[in-house]
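Trainee: Pulled these from Swiss-Prot:
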BINDING   207, 208, 209, 210, 211, 212, 213, 214  ATP 1 binding site
BINDING   605, 606, 607, 608, 609, 610, 611, 612  ATP 2 binding site
COILED    392-524  coiled coil
DOMAIN    3-147  domain 'Clp R'
REGION    6-71  region 'Repeat 1'
REGION    83-147  region 'Repeat 2'
REGION    160-341  region 'NBD1'
REGION    342-545  region 'Linker'
REGION    555-765  region 'NBD2'
REGION    766-874  region 'C-terminal'
């Protein structure tokens with residue numbers, strides 16, 4: 001016996017059999033030990049051969065059990081194992097059989113045949129008793145081998161290669177496991193057209209991720225099964241190659257190539273009956289490539305060129321360009337079929353086709369309006385992915401979310417159960433009390449508990465009944481789906497009696513039962529049963545960060561009160577607030593180009609008048625969040641080269657992988673206000689980047705990705721022309737100096753930049769009467785800082801006037817007021833809090849003195865008998 005002549009699998013089995021013999025206490029190594037490990041193998045090649053040869057694996061196991069128990073056992077001896085005479089003959093016969101068949105190595109099936117043929121071995125009797133004959137085994141082996149010989153030590157891994165390394169899509173289609181494919185007729189027709197060619201009949205589906213390339217292959221499988229293909233493709237098998245399984249576990253050099261050759265050999269032997277589908281086709285290029293080895297694509301090329309291999313590939317545009325086009329010899333063997341993203345209307349049709357599958361899986365209903373919302377909202381708000389994939393994901397997640405709520409206890413019932421638990425704890429505590437009040441309270445608790453437990457039982461029964469009803473509807477849908485699949489199979493097989501029973505008996509009956517189950521509407525139902533546009537919008541909100549009420553709240557009321565809302569934060573700039581509100585209303589009413597940003601504005605005015613504050617207020621109004629804003633200080637972009645910081649460095653430069661400040665912020669959160677502060681400080685070339693943002697709502701970053709700006713509000717602030725606005729009289733209209741200001745602006749910015757901005761808004765200097773309102777806003781912010789300490793500030797009218805007068809400076813706007821409040825209010829307050837004069841929870845009255853403010857705590861450690869000290873500290 002030469003162990004080198006045996007395959008790795010057989011060597012492994014011999015080793016396992018020896019270990020098994022020793023652990024069983026046997027000193028003789030017999031054929032029974034070998035058969036035992038062969039039959040118990042996880043991959044089951046021997047067991048599969050026995051079954052295919054007409055044998056009974058269970059009988060083989062029972063016979064082996066009996067034979068092994070009869071073998072002599074030795075305990076406490078040495079670990080010496082002796083080869084029995086029958087086993088030596090089995091090995092010799094196996095080598096002889098392999099040699100006759102032209103094999104270079106002894107394989108599992110040759111060893112199994114030898115175990116069945118060698119009369120001196122007990123295994124021959126066991127296999128014979130189980131119905132296995134050497135003749136039947138040889139027939140099955142020849143069927144499996146398909147004329148191939150075992151030329152390598154890993155020969156067994158190449159048997160039934162297609163079954164191991166590919167998935168039969170046509171079989172899945174027959175079993176009804178594939179989702180229906182709606183539309184895409186043109187692409188499927190083009191694919192069939194290429195497949196019907198004589199040579200180079202290999203289409204490759206090229207399109208963006210998520211547009212439905214794999215679905216087209218599944219659509220082709222469904223058409224083949226339904227016979228909806230030309231004669232040349234009738235009864236073909238479409239097999240999806242699993243590159244992961246093909247590469248996994250290929251440890252030794254040349255093993256991967258062997259597996260792939262085995263797959264190709266099976267496809268070629270099928271004489272054109274098998275079409276291979278390779279998803280992510282770019283993985284072929286370089287797959288299995290090691291020193292001196294060929295990669296998968298080179299192994300495929302000859303068969304592809306001769307037309308022996310029918311192949312459908314699928315890959316994305318990016319990967320096709322990066323991997324396949326570089327290999328011109330591979331690219332020319334494939335015929336590209338471009339798959340475009342479907343329109344919103346097509347996506348709605350696709351969702352309607354898939355609706356039943358998702359309803360059946362999640363056991364909830366999906367309304368048609370939810371499908372329309374999923375298609376339209378995903379198209380509008382999820383810009384970095386493609387239809388129909390993103391819309392399908394939305395429906396899937398919305399249904400999953402609803403199902404989670406259905407399975408959880410309803411809020412109403414949960415509150416009652418928590419109250420019952422609370423009352424039970426209180427009842428146990430009161431039972432030990434003897435006073436009259438406690439007894440009276442105990443009686444009231446018993447009464448309330450009785451009522452609540454009754455209500456809880458009713459609600460629980462109602463909840464369970466509703467869940468059961470939902471489950472019944474889902475069960476009927478599943479039965480209906482199975483009946484439809486059975487009808488399709490019966491029609492294909494020509495079983496017309498069965499088809500008639502299903503079509504005119506079972507299916508109409510199930511449809512009626514389902515309609516009855518769904519028509520029973522529950523008034524005041526505890527459970528939501530249907531996915532609505534609201535659920536879809538909530539998922540969008542989770543994905544993108546847009547508050548859901550921004551889309552679903554009646555926006556008319558919200559937009560009509562926009563001036564009032566923003567006016568609470570921005571004082572004295574009525575014209576600016578009105579102008580920006582009108583622009584946003586125009587955009588929301590759909591009267592503005594949807595391919596441009598929501599609005600783009602330049603705010604011009606002196607310092608401290610509220611330009612940046614208006615931007616923050618706008619972000620808070622539109623997105624309910626002050627931080628939904630990217631602030632870019634243009635003073636940092638004074639050099640020409642600094643533009644790369646906005647959009648990312650070009651290839652070959654340091655920082656290429658990092659992306660740009662502007663583009664990355666908008667890619668991560670596409671819905672926000674973008675503030676370019678002090679734009680006149682930036683280099684003029686920086687504005688060239690903004691031209692396409694303002695015009696088309698898009699910008700290409702350093703890595704070639706298109707970033708969508710259609711849902712942003714772009715605001716630029718500047719001090720240009722501020723001298724004209726500062727010198728304006730308190731009651732003068734800003735429009736009187738607009739021409740002068742615009743003259744300065746035009747001298748600084750190019751016409752094509754200014755021409756793309758929606759509106760240039762002028763801010764006038766703050767008036768004296770505006771200062772009181774600004775004092776209140778600033779004091780509210782200070783009050784917020786003190787809220788942790790529960791200290792309340794009460795600012796008297798005289799103190800407000802005092803602060804407004806002291807902080808008013810027409811040239812510098814509201815900023816001097818902030819400094820005055822810091823010096824006259826915050827500093828004394830901080831000192832008093834640290835001294836312990838003002839305690840947590842105090843009310844502090846602030847009044848005006850002659851040259852300072854006075855602080856009087858109403859409650860706390862500060863003594864009313866020490867007014868002199870209070871004034872000193874002020």
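Including glycine, each Cβ sits where the backbone N, Cα and C put it.
Tell me what's around each of these sites.
Mentor: Its Cβ placed at the centre, residue 211 (ATP 1 binding site) has 22 other Cβ atoms within 10 Å.
Residue 607 (ATP 2 binding site) falls outside any helix or strand according to DSSP and counts as coil.
Secondary structure of the domain 'Clp R' (3-147) per DSSP (helix as H, G, I; strand as E, B; remaining residues coil): 96 helix, 8 strand, 41 coil.
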Trainee: Highest Cβ count within 10 Å among the binding-site residues 605, 608: which residue is it?
Mentor: 605
Trainee: For residue 213 (ATP 1 binding site), which residues of its chain lie six or more apart in sequence with Cβ-Cβ distance below 8 Å?
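Mentor: Those within reach of residue 213 (ATP 1 binding site), by Cβ under 8 Å and sequence separation of 6 or more, are 205, 206, 207, 279, 314, 315, 339.
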Trainee: Using a Cβ-Cβ cut-off under 8 angstroms and a sequence gap of six or more, which residues of the chain neighbour residue 611 (ATP 2 binding site)?
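Mentor: When sequence neighbours closer than 6 are ignored, residue 611 (ATP 2 binding site) has 603, 605, 717, 763 within Cβ distance under 8 Å.
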Trainee: Can you give me the residues near the recorded ATP 1 site, meaning same chain, not 207, 208, 209, 210, 211, 212, 213, 214 themselves, Cβ no more than 8 Å from the center of the site's Cβ atoms?
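Mentor: After dropping the recorded site residues, what remains is 215, 316, 339, 341, 386, 389.
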Trainee: Spatially speaking, which of the binding-site residues 609, 610, 612 is closest to residue 211 (ATP 1 binding site)? Use C-alpha to C-alpha, please.
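Mentor: Going through 609, 610, 612 one by one, the closest to residue 211 (ATP 1 binding site) is 612.
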Trainee: Here's one to test understanding: among the binding-site residues 210, 212, 214, whose C-alpha is closest in space to the C-alpha of residue 609 (ATP 2 binding site)?
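Mentor: The smallest Cα gap between residue 609 (ATP 2 binding site) and any of the binding-site residues is with 210.
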Trainee: Tally the residues of the region 'C-terminal' (766-874) by DSSP class, grouping H, G and I as helix, E and B as strand, and everything else as coil.
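Mentor: Counting residues per DSSP class in the region 'C-terminal' (766-874), I get 61 helix, 17 strand, 31 coil.
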